[in-house]
Amino acid sequence: MSKQFDVIVIGGGPGGYIAAIRAAQLGFNVACIDEWKNDKGGPAPGGTCTNVGCIPSKALLQSSEHFEHANKHFAEHGITATGVKMDVAKMIARKDTVVKQNNDGILYLFKKNKVSFFHGRGSFAKAVEGGYEIKVAGAAEETLTGKQIIIATGSNARALPGTPFDEELVLSNDGALRVGAVPKKLGLIGSGVIGLEMGSVWRRLGAEVTILEGLPTFLGAVDEQIAKEAKKAFDKQGLKIELGVKVGEIKTGKKGVSIAYTNAKGEAQSLEVDKLIVSIGRVPNTIGLNTEAVGLQLDERGAVVVDADCKTNLPGVWAVGDVVRGPMLAHKAEEEGVAVAERIAGQHGHVNFNTIPWVIYTSPEIAWVGRTEQQLKADGVKYKAGSFPFLANGRARALGDTTGMVKMLADAETDEILGVHIVGPQASELIAEAVVAMEFKASSEDIARICHAHPSLSEATKEAALAVDKRTLNF
Ligand code: FAD
Ligand code: NAI
């Protein structure tokens, strides 16, 4: 006899576990299936984000930032810190504890919300009247039947053709978060989000880091002025980023990894490193889902095809998160998960793709929401721009971190905020104000007239809004 559910969620990452909780809150009888295993073979829900993504990468970024502060910045505060050492094994163990706290938190939330959790791989068996039969292959085999199915199976790291990940020398994000000792020389391919975050971690700990990027432009999706400012800061830190390269043969051996490439001038080069992280994007994951059994439509990238409401080509089957179109971000996956659960309940769940924030957790942090200056130009939109440097912000000076700026773009006629771009301290937190403002269709004048606490970094956002009308007070 199969177990009956109103909603079955396949995948327990941010898209899946949040969809399951919201569906349960709405009164449905919900199952969530996730196959991730911890090092003891037990369940580890939370997906890529919790296990080998957002959470562990931020734990390592934090540890490495403390190390860098102790080594390079304490002295200017009058603090003497001699003999500062990094115990990499301890740093990794701390990261693992943080991950486990999050895994356990999700299992607790499932219990609290009466979501039935199944540890194993979920796959489509067949369509049945009024739903679908889903097999779970785990420690035990089970068959579940669900009226509505939400697919949230996430994504996997893309490997370079002919160079599979061995997680010893050629690392995906998984291996990059488990390196046991600081490599003397570290290579990365791709100066996207993972390349910059992971490159920063190991550079701060003493590795000589070189990032090879295929595109001629640095962070092409980021506002040009902000990307330029960030690049300046990374150059100063000694993060070597080579743009416009073409990667050729990669050889691994006892001495490490050798990468043949041509540089932007077309000259043949080679890079010898102890370890190589390949961070060239991710591919949607439907491995083992047995989509053929029910005729689920996938696109040429292997992503599940969905409409604007996350509906697939099959009645009662939805898909959310990295496995569908759109940015591969945990908060995007979560919003889609909530919206789908609400749509199943007959409500009007909604995700505003124009106000999804992006954050790169480097130092300085880079964060943005809405359109960049180059996008507005391409779209033929008339806009006004205002920016304010952290150099002129009292709190940033007190922090000793004055790199970067807040930049605001507003419609030339209506003054509605069209984009906010930040490079600098705490950009990840500051961007929230811009997201709220844009959700409420605020004008730059609205932000300019709001009282911001002094001294705070958020005053830079107010000043950027004032700058849109050319009336900054502190610059
Ligand atoms: P996932 O988190 O990938 O979860 C999918 C889950 O489904 C996994 O547990 C998988 O094991 C399970 N699964 C797959 N197939 C099956 C099956 N057939 N049966 C059962 N279970 C299955 N995003 C941010 O917003 N902020 C960040 O700071 C950030 N940092 C990142 C850092 C790194 C290094 C990486 C790699 C990614 C980062 N991301 C970040 C991206 C973020 O991790 C993803 O966007 C997010 O995890 C997507 O959520 P998801 O639920 O769609 O999929
Ligand atoms: P990415 O898409 O951010 O960057 C990949 C980079 O690799 C691009 O700059 C691309 O031009 C380059 N590239 C691709 N093929 C190449 C090749 N053959 N040779 C040289 N360069 C090549 O992908 P990344 O960094 O792997 O991260 C995957 C996704 O994970 C991100 O897009 C993001 O959605 C998510 N993520 C989010 C984070 C955050 O929100 N802070 C942190 C880390 C990851």
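Every residue, even glycine, has its Cβ placed from backbone N, Cα and C.
TrEMBL labels come from automatic prediction, so no person has curated them.
For Cys49, the disulfide partner recorded in TrEMBL among Cys32, Cys54 is Cys54. FAD is bound by Lys58, Thr153, Gly154, Ser155, Asp322, Met328, Leu329, Ala330, His331 in TrEMBL, and the record lists one more residue there from Gly83, Gly122, Gly180, Gly295, which is Gly122. Record check, TrEMBL: NAD(+) site residues include Gly190, Ser191, Gly192, Val193, Ile194, Gly195, Leu196, Glu197, Glu213, and the candidate from Gly130, Gly131, Gly266, Gly281 also listed there is Gly281. The distance from the Cα of Gly190 (NAD(+) binding site) to the Cα of Thr153 (FAD binding site) comes to 24 Å. According to DSSP, the domain 'Pyridine nucleotide-disulphide oxidoreductase dimerisation' (356-465) comprises 40 helix, 33 strand, 37 coil. A separation of roughly 36 Å, to the nearest angstrom, links the Cα atoms of His454 (active site, proton acceptor) and Met328 (FAD binding site). Nearest in space to Ser155 (FAD binding site), taking C-alpha to C-alpha distance over the binding-site residues Gly192, Leu196, Glu213, is Gly192. Checking the recorded positions Thr153, Gly192, Leu196, Met328, His454 for a CB within less than 6 Å of any atom of ligand 1 leaves Thr153, Met328, listed in sequence order.
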